[in-house]
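Participant: First the structure, then my questions, so here it is.
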Amino acid sequence: MAATRAATRVLVLNSGSSSVKYQLLDMSDATRLAVGLVERIGEQTSRLKHTCLTTGDLREHSGPIADHDAALKAVAEELSRDGLGLDSPELAAIGHRVVHGGLFFTEPTVIDDEVLNEIERLIPVAPLHNPANLTGIRTAQALRPDLPQVAVFDTAFHTTMPESAARYAIDPKIADRHRIRRYGFHGTSHAYVSRETARLLGKDPSEVNVIVLHLGNGASASAVERGRCVDTSMGLTPLEGLVMGTRSGDLDPAVIFHLARVGGMSMDEIDTLLNKRSGLFGLCGDNDMREIRRRIDEGDEEAALAFDIYIHRLKKYIGAYYAVLGEVDAIAFTAGVGENAAPVREAAIAGLAGLGLAVDPVRNAVRSGAPRLISPGSARVAVAVVPTDEELEIATQTYALVGKND
Ligand code: AMP
């Protein structure tokens, strides 16, 4: 009987302002049972894409989905159709990605009213993300009030950063009053990839120093010393650091004053410019690395310059984190660009032989979903491609916590 089966399933929810991504995993063997996405919530053209991985069934629905409540109910219905409903006794918990956990949340946390209040208190430092994450949690709680819900924070892995890396050089009283410090993001990915890189080297995470380059549409680097994050490129918000798909990354803060005073732009306009219309997109009108490479192959100079600026910044962070760590065992490329774009990996490592870094062109050209080395066998520092899996990491952390509480 189903009721006597162990509760080993975890539903992972990643709620954005107008989307919900989800995966249902069975943690007895870490297999995926279903994956899907609801997009454009609140619009007339909402879309739900659901794949049941046990049957291979793929279903898509278009039409208005008014809010997160309706979105999650639609997801629950799809899961029920596959015999994987949220009412199943096999469901152990729901794990939520929560972007900002501030300094308060250093670990995954079972959600209660106090936790919800703290996530809410962090809205001023994460105005785009935490409200959507909260909506997702509240909606899921309403659907299954009896089920443990766990928050897994994007910032948690970075809470080990020393003050010297986490503080900006501004008056600490002003900084503390407004909770201004470097929090870092993509922490679930940096944690997972740094651990998997150690595994690829046949070592324990506590034995290696790794630079993780998470290069997706958002992008961040981290310096991980013996399993603990000691620096990362994103800061108070995900705007700092590398050149990204649509974000500028680092710039002189005075650019903002200049745009306001001389350019006559409002703060909201500048915010939108730097977060949504900058980076690769701002430089050349495309934020997809595939398109940029295609244009470069056709001799497009604008795309070539955007690529060069992207690579230059990446190299600066590799050098910086090499110095922060002192000794480096591996550099790991991950996320959409890092896992797929061989020319980015080649260009980022080119010329760094003095640091013991090199890429083997044949190994770098291999396309694979598995963690792999792309450095020559003789290299002093391993260069690796390590696919990230944030959902598996959230499910693993959620299941570990719920198991502990049993
Ligand atoms: P993510 O945010 O990790 O999903 O990464 C999305 C980004 O990965 C896209 O915007 C592309 O720039 C990049 N990407 C995905 N697939 C490829 C590919 N085959 N080659 C180069 N870049 C890719």
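Each Cβ is built from the backbone N, Cα and C atoms, and glycine gets one as well.
Take a look at what TrEMBL says about it:
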type     : residues                                                                          : note
ACT_SITE : D154                                                                              : active site, proton donor/acceptor
BINDING  : N14, E390                                                                         : Mg(2+) binding site
BINDING  : K21, H214, L215, G216, N217, G218, D288, M289, R290, G336, V337, G338, E339, N340 : ATP binding site
BINDING  : R97                                                                               : substrate binding site
SITE     : H186                                                                              : site 'Transition state stabilizer'
SITE     : R247                                                                              : site 'Transition state stabilizer'
Participant: Tell me the Cβ contacts of H186 (site 'Transition state stabilizer') under 8 Å, same chain only and six or more apart in sequence, or just say none.
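Facilitator: For H186 (site 'Transition state stabilizer'), the qualifying residues are D154, H214, G218, S220, S222, M234.
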Participant: Can you check which residues sit near R290 (ATP binding site), meaning Cβ under 8 Å from its Cβ, same chain, 6 or more apart in sequence, and list them in order?
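Facilitator: In sequence order, the residues whose Cβ lies under 8 Å from that of R290 (ATP binding site) (at least 6 apart) are A341.
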Participant: May I ask which of the binding-site residues N217, D288, V337 is closest to N14 (Mg(2+) binding site) if we compare their C-alpha atoms?
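Facilitator: Its closest listed neighbour, by Cα, is N217.
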Participant: On a C-alpha basis, identify the one among R247, V337, E339, E390 that is nearest to R97 (substrate binding site); the candidates are the recorded positions.
Facilitator: E390
Participant: How many whole Å apart are the CA atoms of E390 (Mg(2+) binding site) and R247 (site 'Transition state stabilizer')?
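Facilitator: Taking the Cα atoms only, E390 (Mg(2+) binding site) lies 21 Å from R247 (site 'Transition state stabilizer').
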Participant: Where does N14 (Mg(2+) binding site) sit in the DSSP three-state scheme?
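Facilitator: Its secondary structure by DSSP: strand.
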Participant: Tell me, in order along the sequence, which binding-site residues from K21, N217, V337, E339 have their CA within 10 Å of R247 (site 'Transition state stabilizer').
Facilitator: N217
Participant: Widest Cα span across the ATP binders K21, H214, L215, G216, N217, G218, D288, M289, R290, G336, V337, G338, E339, N340, in Å?
Facilitator: 23
Participant: Near ligand 1, which of the recorded positions N14, K21, R97, D154, H186, E339 have CB less than 6 Å from any of its atoms?
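Facilitator: Cβ under 6 Å from ligand 1: none.
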Participant: Within a 10 Å radius around the Cβ, which one of these recorded positions has the most neighbouring Cβ atoms: K21, R97, R247?
Facilitator: R247
Participant: What residues, ordered by sequence, lie under 8 A Cβ-to-Cβ from L215 (ATP binding site) and sit at least six positions away in the same chain?
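Facilitator: In sequence order, L242, L314, F333, T334, A335, G336, V337, G338, A341, V344 meet the Cβ cut-off.
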Participant: What number of additional C-beta atoms lies within 10 angstroms of the C-beta atom of V337 (ATP binding site)?
Facilitator: 26
Participant: Can you tell which of the recorded positions (D154, D288, E390) has the fewest other C-beta atoms within 10 angstroms of its C-beta?
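Facilitator: Candidates: the recorded positions D154, D288, E390. Fewest Cβ atoms within 10 Å: D288.
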Participant: For L215 (ATP binding site), just give me the three-state DSSP call.
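Facilitator: It is in a strand.
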Participant: Near N217 (ATP binding site), which residues of its own chain have a C-beta under 8 A away, given they sit six or more steps off in sequence?
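Facilitator: Sequence-distant Cβ neighbours: M244, G245, T246, N287, G336.
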